[in-house]
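Here is what Swiss-Prot says about this protein:
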{"type": "BINDING", "residues": "Gly170, Asp171, Arg172, Gln173, Thr174, Gly175, Lys176, Thr177", "note": "ATP binding site"}
{"type": "SITE", "residues": "Ser363", "note": "site 'Required for activity'"}
Amino acid sequence: MGNLQIDEISSIIRKQIKQYNDAVGVGNLGTVLQVGDGIARIHGLYEVMAGELVEFGDGTVGIALNLGSDNVGVVLMGDGLMIQEGSSVRATGKIAQIPVSDAYLGRVVNALAQPIDGKGQISASEFRLIESPAPGIISRRSVYEPLQTGLIAIDSMIPIGRGQRELIIGDRQTGKTAVATDTILNQKSQNVICVYVAIGQRASSVAQVVNTFQERGAMEYTIVVAETADSPATLQYLAPYTGAALAEYFMYKKQHTSIIYDDLSKQAQAYRQMSLLLRRPPGREAYPGDVFYLHSRLLERAAKLSSQLGEGSLTALPIVETQAGDVSAYIPTNAISITDGQIFLSADLFNAGIRPAINVGLSVSRVGSAAQIKAMKKVAGKLKLELAQFAELEAFAQFASDLDKATQDQLARGQRLRELLKQSQSAPLKVEEQIATIYTGTNGYLDILEIAQVRNFLVRLREYLIKNKPQFGEIICSTGTFTEEAKALLEEAL
């Protein structure tokens with residue numbers, strides 16, 4: 001009996017010796033010193049890289065941002081409620097990256113590119129770094145193709161080109177998101193992939209935008225990246241970079257893409273919150289010193305690629321909110337200096353019923369007419385000048401009692417041109433319809449109408465052209481020029 005036990009024991013020992021694995025696992029580990037407000041301070045992690053992902057014992061992931069001599073400051077990508085003092089932390093050796101694929105089109109995802117629309121997982125075999133480097137000088141070419149927004153005021157006077165960065169700036173409730181969403185709706189049949197990034201917004205506002213896209217068939221070519229107001233600051237900070245990585249995937253596949261950041265003021269506030277909690281020194285308006293770099297490295301990723309790289313493009317339309325129209329605040333001035341122009345939306349114009357409430361005098365596109373088709377250049381040349389003269393005359397006319405006939409005519413023309421620029425939300429116009437509208441206004445065909453009749457007349461004119469003069473649209477679409485034949489067809493219709 002004793003022998004049997006000894007045999008059993010020796011066989012167990014032999015078995016254990018055979019199964020013994022002498023591989024040594026080396027891990028970069030640390031322990032939590034302190035946690036709260038979405039920030040954890042970690043002792044250890046001596047070889048961690050800046051921006052490296054770290055994993056806590058409960059599965060929460062964070063990013064190492066502050067590398068101190070005695071501890072590491074980590075921002076959490078979750079609520080971190082299960083993390084306690086003394087919990088273990090492991091460095092993953094990875095920088096934040098997301099899966100990318102064509103299957104993302106039509107989906108709503110969060111800042112980690114995980115679906116949040118309840119339509120199941122998204123299949124992807126490729127990965128992109130969230131913080132990818134921007135294309136270099138040799139990889140780019142100058143912007144020369146238009147990105148049509150469908151808004152007359154923008155396409156005629158503040159044209160946006162494919163690969164440009166055009167800031168949309170204005171107070172809250174002035175129609176900034178409406179301009180951006182109309183631009184996405186207008187890309188239907190234009191072969192442009194759109195990414196809409198919602199940062200720190202109400203969930204109801206994001207749902208409304210997604211519903212609009214679904215009703216109008218725009219989700220087929222759109223990806224929505226959403227981190228709402230109740231999301232951790234880390235995810236609100238990351239969301240724009242995730243959107244840019246998804247758009248870049250299509251740009252490097254020789255496609256045209258456009259991205260809306262709605263809005264970067266909220267991203268800057270989330271970054272300020274993280275920086276102050278990490279005890280980084282505050283600067284102007286309590287923002288950290290590198291808040292300019294926060295936005296410049298994001299917006300520099302917009303580009304028109306060279307012919308060697310396939311001529312894809314990424315057009316960025318960042319939105320920034322101002323307080324009481326103050327464009328000289330810190331974040332607005334930063335964004336204006338980084339971008340290639342701005343569309344300024346005015347609360348006064350919005351309240352006066354001029355919508356979209358674009359202040360043409362303060363708005364500018366630094367790409368200019370290079371991003372317009374020849375037909376638009378030809379008819380829109382006079383429009384900006386006439387509107388500028390009208391604005392000056394209107395201010396002067398408030399003090400003058402008797403005006404000569406020429407001045408009265410100019411004021412009447414200006415009022416009708418201003419009426420011509422008004423558009424309903426979610427009703428973008430095709431470029432040929434815009435050209436017909438502008439030509440009608442600048443050549444005096446609206447002068448005999450009452451101001452209240454102008455919009456109705458223009459709607460009927462556009463319908464008549466589509467129904468009875470389809471050649472007009474065909475000429476402009478195929479040649480891109482306002483030929484004598486097109487002019488004759490339009491004048492017949494008028």
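Every residue gets a Cβ built from N, Cα and C, even glycine.
Structure with Swiss-Prot features highlighted.
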residue : record                       : Cβ contacts under 8 Å, 6 or more apart
Gly170  : ATP binding site             : Lys176, Glu321, Thr322, Gly325, Phe344, Leu345, Ser346, Ala347, Ala357
Asp171  : ATP binding site             : Glu321, Thr322, Gln323, Ala324, Gly325, Leu345, Ala347
Arg172  : ATP binding site             : Glu321
Gln173  : ATP binding site             : Ala347, Phe350
Thr174  : ATP binding site             : Leu345, Ser346, Ala347, Phe350, Ala357
Gly175  : ATP binding site             : Leu345, Phe350, Arg355, Pro356, Ala357, Gln425
Thr177  : ATP binding site             : Ser205, Val209, Asp262, Ile319
Ser363  : site 'Required for activity' : Met157, Ile158, Gly341, Gln342, Ile343, Phe344
* Structure fact -> Reading the DSSP string in three states, the entry for Gly170 (ATP binding site) is strand
* By the DSSP assignment reduced to helix, strand and coil, which category contains Lys176 (ATP binding site)? -> helix
* Cβ-based neighbourhood (8 Å from the centroid) of the ATP site, residues Gly170, Asp171, Arg172, Gln173, Thr174, Gly175, Lys176, Thr177 excluded -> Glu321, Leu345, Ala347, Phe350, Ala357
* Can you count the other CB atoms that lie within 10 A of the CB of Lys176 (ATP binding site)? -> 25
